[in-house]
Amino acid sequence: MALKITVIGTGYLGATHAAAMAELGFEVLALDVVREKIEMLERGETPMYEPGLEELLRRHVPGFEGSSGRLRFTQDWAEVGAFGDVHFVCVNTPQKHGEYACDMSYVESAIGSLAPHLARPALVVGKSTVPVGSADRLARTIAELAPAGADAELAWNPEFLREGLAVQDTLHPDRIVVGVRSERAEALLRQVYETPIGEGSPFVVTDFPTAELVKTSANSFLATKISFINAMAEVCEAADGDVAKLAEAIGYDDRIGKKFLRAGIGFGGGCLPKDIRAFMARAGELGADQALTFLREIDSINMRQRGQMVELARQALGGGSFLGKRIAVLGATFKPDSDDVRDSPALNVAGQIHLQGGQVTVYDPKGMANARRVFPTLGYADSALEAVRGADAVLHLTEWQEFRELDPAQLGEVATTRLILDGRNALDPVLWRKAGWTYRAMGRPTA
Ligand code: UGA
């Protein structure tokens, strides 16, 4: 008989996972403790902008034309317990207020609420990013609380989806990692992921701690790559080198690779910054803090980029204060194809300049509403052209396709000064200079 799947938590991860499971052919019941979220999803809408996700939802949420009807929602834990053979826990684990460690309260409350309803054989599968050692502890909670006893089991299956590419990453994962304690758990997960495995996704079976560590170490490696190239940008800046050329040249070495070597104002978002901090905190608890002290440097290189962008702008404007200067900021989200402004380097830079007296006008293709909520005192414009109108400097801070396609000549007609600072090294300097702009980017030659 086909497996029945439940998904607990319908944020980024959960909403995407639930829709993907329905797409793979399973009956899915998803639970969230926030009623509004569920009501939105039932209307085929998502609380965040994620390309392709609403379309995927509407293919499976009942009531839409041609829908499979396989994806339903509830707030009833007993219904979830009775329905599922496999329960995916997809709640978030944010950074704790005032600490590096991550806040496990949502995971703990999800497991605590679900376990007493596990009366029949079931596999609970953790997907949230957690400190190593959590799965072992949560397995004990399930063993204590589940009426099914040993028939209710835990597995850990970290998620590697990228915002903006969440649907594709979930349906066609580049690897599937499962931490399991029994052959039954492994067999069930092979059944769940039969389609992607059939398409060639590698299936890596590990113990609990390794599965948990795969996730945090992958994000630490990515963060390290970005901070590495940003450190090289600082050296290039001092030595008059060109970090973009340098990245291209080292990237041809396939041991190094081209990806994640784009220098700029650094990484942000809801994952990389908090994950490396939580990883350091956990290593400290385990007495292995020395192994991860380098991550402190990765974090500080990253945070320094934001300040350096502000300085670059100040210097380019003549070195004085920002008072009376009009600054156009292109981009507010932490990355393109997302409306997420959590720990966004772009918004941070915009905010710093604003707080130093600059008149900042922000435009972002999808992040305006979230940016306004976080930073209501910044100026906002409805288009790039409007943001740039009258500007003394234009800062390109999130690498949206729309910004690469801008016409520098047209923008030049409305700007007060043709000064563009590329905080993402994503624009073509030749094009902008040809249209009479002064183009500056960290770690790139001035002309
Ligand atoms: C990251 C990981 O890439 C995913 O594999 C992981 O599943 C996810 O976190 C998670 O833990 O849930 P995401 O937060 O969507 O995904 O963002 P990334 O694509 O990793 O980008 C992070 C930041 O790095 C962005 O601000 C981006 O602009 C910046 N970045 C990226 C650079 O500054 N340079 C680069 O070369 C690449």
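Glycine residues also receive a Cβ, built from the backbone N, Cα and C atoms like all the rest.
Binding site for substrate per TrEMBL: PHE160, LEU161, ARG162, GLU163, LYS215, PHE260, LEU261, ARG262, ALA263, GLY264, GLY268, plus LYS335 from the candidate set LYS96, LYS245, LYS325, LYS335.
Together with ASP32, LYS37, THR129, GLU163, LYS274, ARG342, TrEMBL lists one candidate of THR74, THR93, THR206, THR210 for binding NAD(+), that being THR93. Of all the binding-site residues in the list ARG162, LYS215, LEU261, ALA263, the shortest Cα-Cα distance to LYS274 (NAD(+) binding site) is found for LYS215. Cβ contacts within 10 Å of THR93 (NAD(+) binding site), excluding its own Cβ and spanning all protein chains shown: 21. The 10 Å shell around the Cβ of GLU163 (NAD(+) binding site) contains 24 further Cβ atoms across the protein chains shown. For the recorded site, THR93 (NAD(+) binding site), the DSSP three-state label reads coil. With a 10 A radius on its CB, THR129 (NAD(+) binding site) counts 23 other CB atoms from all the protein chains. Secondary structure from DSSP puts LYS37 (NAD(+) binding site) in a helix.
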